[in-house]
Amino acid sequence: MRKNAEETQQEDDFTTLREFNDYLERVEDIVFRLVNELKVEETEQEMHTFKEEFAEAIERNRRRPTKDDLWVKAMLDEEMARRSKVQEDNTERRERSGSVKFNPKAIIEELRSSDLPAEVVLDRQRKKRIEQEMADKEEMMRRKQDKQEEKQRAKERATFGVIRPSGKPYYHSQPTLSLNGPPVPGDEELERSGCLQFVRQAPPSSVAGGYLALVLTFWKMAITTERVYEALSALQSNETQQNMQASRWLEDFQKSVYAWTVADQMLAEGRSFEACLFAAQTLRAKVLHSARELPSDAVAPLRDSLLNQLGSIESRLGRNTTAIVIQLSAALSDLYIQVVDWKGFVAQILVQLGSSPSSSSSPILLALFKALPEELYSRKLKIGENRRAEVEEEMAAHTETVLNKLFHLCSTDASEENGLRSQAVNCLSSWLLNCRCPAGVLARSPFFRSVLSLLSQPNISQQLHDAATECAVNALQLIGYEGEKLVLSSEQSELAQLLQQSIFETADAFRVAMREEDSEKLQNFARLYAEQSNAFLTEMANQHRKGFGDLRMMDMLQMLCEMSFNVWYQLSEYLYRCEDADFEELRCVFAPYVEKHILSVCKHCRVEPDSHELLDRNSEHADFRSKTQESVKDVIFIVGSVNLLKRLMEVLNSSDSWDQMEAILFIISAFVGNVAETDRSVIPLLLEAILKFPIMATHRQLLKTSVQMIGNLQNWLEFNWEYTERIFNWLASLFGLGGGILGLTVAECLEQLMERGPKEEFP
């Protein structure tokens with residue numbers, strides 16, 4: 001009806017919006033009378049008169065598009081532009097994808113012009129093709145996700161759907177408040193007593209929104225320390241409803257502006273540990289998320305209050321207050337970082353707490369120096385780069401003083417009973433998050449050297465070992481690169497030499513952890529060795545066996561598995577980009593290490609020998625095996641597919657257990673498709689060994705891995721079809737084995753073979 005009315009006369013035909021609205025009401029009145037047959041003749045006469053009077057405007061508006069028509073046209077144009085953009089992106093993607101596809105002519109040309117072995121050239125091309133396939137797969141997943149998100153946005157934008165009622169109807173029930181003491185005064189009593197004159201009055205613009213001075217008065221009366229204590233007590237209640245109400249009230253309290261004062265009062269009172277912890281968490285959250293509520297003249301009082309609470313909270317509660325100290329330290333650090341005018345925080349803390357003879361000040365000092373760098377790099381804290389750089393420079397300037405203080409604390413209390421030593425090392429690891437930390441000061445520090453020496457001691461506590469590992473890893477990040485070249489100043493070189501030598505000295509401690517099966521310490525060593533190899537990777541490639549390119553790091557990596565996968569990938573990428581002359585030299589250097597790496601991961605891919613079931617594909621071990629195969633694919637071109645296959649066949653022939661044979665075949669299946677179709681030196685021996693497995697006496701997991709490996713031989717079998725009949729007969733005998741437990745795997749293998757094999761020759 002409104003559209004028809006606008007086709008007759010539009011808003012532009014009227015001088016004011018009021019006249020246009022009156023016109024629409026008139027049309028609605030006419031329609032109402034016609035539908036209900038009220039004053040029909042009079043209404044029709046009115047319509048006839050209107051048509052004659054505005055005939056010219058009616059004819060003009062029928063030819064002119066309405067606002068709805070213009071909106072529809074804009075939506076259609078936007079949709080056409082979007083489709084055009086998608087089509088252009090798809091065209092560009094196809095062109096880009098086509099430019100990196102497998103090109104036989106380019107490979108032949110490279111074989112003619114290159115001095116490298118043909119196998120190496122083919123392996124490098126296969127690596128390139130695999131990377132492109134992975135990139136295409138990621139792009140397909142991204143496009144699928146974008147499409148799903150677009151559908152979701154379309155649903156959210158849809159405005160023409162029918163809204164149907166769902167769920168239960170809402171019935172309002174008046175909340176009951178349990179109050180102790182005198183009743184709350186009513187509205188009239190508050191106005192009569194004159195209390196409202198001390199409350200900020202509502203401006204006219206706020207009255208319409210429901211704001212009244214009376215509302216603010218009741219809100220302020222409701223938020224008191226006693227009310228917060230009652231809500232905290234209600235959280236411990238067994239009644240679900242009361243617990244939920246208290247939780248919601250406390251959440252609202254923490255968001256209110258009164259939380260600053262009330263939380264500070266609760267800390268000063270120190271009634272209970274739980275109440276003080278809640279108050280400390282509230283202050284930390286307010287400083288982190290609501291610092292704009294704090295007036296500039298309130299920063300100094302809040303700072304002094306936080307420092308006072310840190311120094312006196314333990315004496316008031318009389319128990320371990322570590323959790324409260326951590327929250328208050330984080331709050332104080334957040335406050336300092338956000339207040340640009342506040343200078344010299346580190347020096348102030350060192351003077352105020354570092355010179356105190358009290359032993360209780362040491363944990364507070366450590367908590368503050370640990371919290372400051374962690375909060376500085378927290379994503380939750382929104383600060384500018386200039387302020388972050390300013391704080392970093394201040395921390396760097398006091399690094400030597402902080403290191404000396406930490407060394408003094410550990411010297412005066414060397415026992416580990418109270419964990420002070422671990423706290424000091426943890427404090428240093430956080431301090432080293434600062435990329436401006438002076439490397440020379442760190443390298444010459446007795447405390448830092450003592451921390452590194454802890455890693456070579458096999459009998460230290462797990463807590464101390466974790467802290468020392470974190471400290472060494474963060475120190476490795478201070479070594480600088482420019483592009484792919486390690487660029488060190490004299491001070492950085494001193495630090496790098498200290499770190500390298502200290503990590504080499506941990507080999508004996510690592511072997512002790514291996515014998516004792518200390519998994520937590522082994523994880524620390526794995527991380528340490530992987531980070532060290534990443535830090536000196538290019539030096540190993542450019543200056544192998546010399547200086548920072550010491551290849552003992554590669555020997556240490558052989559003791560690791562999953563955490564070293566990224567290092568092997570980075571190494572393969574570096575060698576892949578080398579020139580042919582350099583690549584051949586580097587390949588000869590690193591091929592033995594790659595071979596050791598693959599033989600090492602074979603041991604870790606073995607399944608439990610006592611298991612009678614197939615490996616669960618969703619298990620952690622299955623996920624590790626999958627990552628192992630990807631790592632083998634990354635580095636296979638360094639050692640060569642045929643060379644590695646021959647080496648693994650030697651190990652396979654000497655194997656005396658089914659789980660060892662299965663692990664070797666699993667690794668072989670990762671790269672067996674890379675073997676040239678003309679090679680008949682190794683693959684026939686491998687097939688003969690598999691086809692001679694006694695089916696009923698062979699473990700199901702070994703048979704499954706063998707089937708999967710044969711499926712990956714599709715390229716080789718395409719040119720060596722004389723084996724297909726025996727393979728098909730062997731696969732057919734596995735279909736009904738164990739109630740069809742291998743049926744899906746066999747079917748997938750057959751599908752792979754039929755895709756590439758000479759189908760006219762298959763039986």
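Note that Cβ sites are derived from N, Cα and C of the backbone, with glycine treated the same way.
Feature annotation from TrEMBL assigns domain 'MAT1 centre' to 9-158.
Sequence annotations record features per position, and here TrEMBL assigns region 'Disordered' to 81-100 (among others).
Annotated compositional bias 'Basic and acidic residues' per TrEMBL: 81-98, in sequence order.
Here TrEMBL flags 132-156 (among others) as region 'Disordered'. In terms of DSSP secondary structure, the region 'Disordered' (132-156) contains 25 helix, 0 strand, 0 coil.
According to TrEMBL, the domain 'MAT1 C-terminal CAK anchor' annotation covers 179-213.
Residues or ranges marked as domain 'Exportin-1/Importin-beta-like' in TrEMBL: 323-471.
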Secondary structure of the domain 'Exportin-1/Importin-beta-like' (323-471) by DSSP, residue by residue, totals 105 helix, 0 strand, 44 coil
Overall pLDDT for the domain 'MAT1 centre' (9-158), taken as the rounded mean:
73
